[in-house]
Amino acid sequence: MSLITKYLVLQDGLSDWVGKSISWLIPLMIGILLWEIANRYIIGVPTEWVHQLSAMIYGTVCFGAGAYTLRHKGHVRSEVIYQLFSKRGRAFLDLITHSLGLFVMCIFFKLAWEFAAESWAMEEISNKGTWQPIIYPFKTVMPIAVGLVILQSLAELIRDFCTAFNIEIDDPRAQEHEPLT
């Protein structure tokens, strides 16, 4: 197994594992929101913490799903135009878009890292309501998630480059079944 194939297997596996792992936060969030509904409308005692906690969980899910979504080609693109190109043409187009996306993600990573580091340094807590939870762990999700998107973008760039320039690689994605579109 070549080094490129090992990277693709490892990165795809990491993106899948993170995506599937964070998906378990969704039932947790639903449970917390149902708890709030029951407390508010049945018992008559609303909570202070549910709204903030559900927003933190939702943010974690949205950020954390980025690499998984990229790995499964779920991000937005204009399929009408995209399908007009040959396989190599689509690979060239993806090379351009993934390169631009990678550039933007690197800038975003730097900013998210500074944002999280500042939050940790001041041991930031929420100033909304009386609950005042710590929020620096949730702000740490941003640079981690962006870092995972960067790593998955590199895997996609490798695939696109090899397809665009007719370089044969043992791509583990070739054995997967793509969903019908």
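Just so it is clear, glycine is given a Cβ too, placed from its N, Cα and C backbone atoms.
Here the structure is a predicted model, which means the values were calculated and not measured.
Sequence annotations record features per position, and here TrEMBL assigns transmembrane segment to 21-43 (among others). Beyond the transmembrane segment (21-43), the same-chain residues lying 6 or more positions past its ends with a Cβ under 8 Å from any Cβ of the stretch are 50-51, 53-54, 57-58, 60-61, 64-65.
Taken from TrEMBL, the feature domain 'Tripartite ATP-independent periplasmic transporters DctQ component' covers 29-162.
TrEMBL lists 49-70 (among others) with the feature transmembrane segment.
The transmembrane segment annotation in TrEMBL covers 91-113 (among others).
Marked as transmembrane segment by TrEMBL: 133-151 (among others). Listed by sequence, the residues of this chain that lie at least six past the ends of the transmembrane segment (133-151) yet keep a Cβ under 8 A from its Cβ atoms are 11, 14-15, 18, 49, 52-53, 56, 59-60, 63-64, 66-67, 70, 102, 105-106, 108-109, 112-113, 115-116, 119-120, 123-126.
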